[in-house]
Amino acid sequence: MAKKKFNREKIHLNVGTIGHVDHGKTTLTAALTKVSSDLYGSECRPFDSIDNAPEERERGITISTSHVEYESETKHYAHVDCPGHADYIKNMITGAAQMDGAILVCSAVDGPMPQTREHILLARQVGVPTIIVYLNKADCVKDKELLELVEMEIRELLTEYDFDGNNTKIIIGSALLALENKDDNQLGTSSIIKLLEILDKNIPVPNRIIDKPFLMPIEDVFSISGRGTVVTGKIERGIIKTGEEIEIVGFKETIKTIVIGIEMFKKTLDEGFAGENVGILLRSIKREEVERGQVLIKSGTIKPHTNFICEVYILSKEEGGRHTPFFKGYKPQFYFRTTDITGICDLPKNIEMVMPGDNVKLIVKLLSSIAIEKGLRFAIREGGKTVGAGIITEVLND
């Protein structure tokens with residue numbers, strides 16, 4: 001069967017759910033697809049199909065990142081359901097990087113929890129510009145004052161991490177009611193319609209970096225029998241067209257290849273634009289020649305490097321960071337785009353150690369070369385937790 005062409009008439013935005021485990025992120029994602037399907041005819045995705053990695057069902061927590069799509073009156077949304085469990089922050093970092101705006105889901109029963117804070121912090125680190133709040137499970141809260149208290153706590157938390165907490169839009173509702181087609185006290189379907197309207201009005205259409213040379217971090221690699229190797233990811237900048245020559249950069253020798261096909265949501269495209277999640281079919285490339293964490297680029301635009309200078313913020317103990325200082329030779333993991341890689345830190349001449357809560361310049365040497373450039377942001381991780389965030393200020397010749 002021939003694949004349908006992708007409809008470009010509506011403005012395209014990337015959003016996603018963030019928040020504490022079991023506060024209802026996946027239920028809300030399913031409710032958004034259901035209400036949008038009823039109103040605008042897009043595909044309805046049941047809860048089970050979004051919460052779809054096998055180990056999730058046993059423990060009731062979302063591990064992998066699910067992509068769904070839905071529409072509002074004026075926009076087309078690609079929605080990432082981000083993992084909520086602290087153990088899966090690594091996925092959160094790659095997921096949250098794909099958002100023009102985030103929907104923070106917080107249970108009205110429990111209020112903000114440790115991962116609520118951690119996800120807001122991560123959203124700030126990876127540059128999510130806008131957060132909309134969905135105060136879920138409001139049908140289980142009879143005391144209006146309690147709702148107001150939770151709302152106030154969330155606003156204070158957002159302000160603490162440099163979001164505009166006072167003016168953040170907060171929708172009070174119940175995703176489960178909406179999923180069951182109920183609307184008690186306008187907390188069900190009505191709250192989802194309101195959320196769609198608020199997404200439309202409050203998530204700014206980003207200036208897609210279309211004029212810059214093409215770059216796409218590789219998230220996943222598949223072999224398609226009889227066709228070749230497909231890599232998937234979100235185009236960070238530029239435009240890619242079938243027939244164009246590109247390079248695969250990072251970890252190994254740079255490889256040149258030709259794009260022979262582009263797809264989005266199982267529909268074929270002639271070209272892919274910045275901001276879109278696509279699959280790209282590559283000519284004469286074997287599955288084992290490509291891996292997650294490499295990038296596709298317009299030929300000759302980026303060289304791989306291992307050394308750089310960066311400005312970093314090291315989280316304080318209170319923010320969930322390290323409890324002790326680190327010294328020259330510290331070797332944490334650096335998370336760039338879709339890859340994590342160990343790096344060795346050197347300190348400026350006048351600094352002997354870095355304390356939790358410090359803002360400092362570091363000179364870093366990565367253990368393998370990857371595609372990096374000035375302005376690239378990253379997270380610093382150690383022992384399963386985020387300990388810092390940074391931005392590259394200068395790439396050094398190796």
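Yeah, the Cβs are placed from backbone N, Cα and C, and that goes for glycine too.
Range with Swiss-Prot annotation region 'G3', chosen from 81-84, 253-256, 349-352, is 81-84.
Per Swiss-Prot, the listed range annotated as region 'G2' is 60-64 (candidates: 40-44, 60-64, 75-79, 210-214). Feature region 'G1', per Swiss-Prot, maps to range 19-26 of the set 19-26, 51-58, 163-170, 283-290.
As annotated in Swiss-Prot, region 'G4' covers the listed stretch 136-139 rather than the other ranges in 136-139, 296-299, 324-327. Mean pLDDT across the region 'G3' (81-84) comes to 59 in this model. Look at the region 'G4' (136-139): DSSP puts its residues at 2 helix, 1 strand, 1 coil. Packing around Asp22 (GTP binding site) is summarised by its Cβ count: 18 other Cβ atoms lie within 10 angstroms of its Cβ, all protein chains included.
For the region 'G1' (19-26), DSSP puts the residue distribution at 2 helix, 0 strand, 6 coil. For the pair Thr26 (Mg(2+) binding site) and Ala138 (GTP binding site), the Cα-Cα distance reads 16 Å. The number of other Cβ atoms within 10 Å of the Cβ belonging to Ala138 (GTP binding site), over all protein chains shown, comes to 23.
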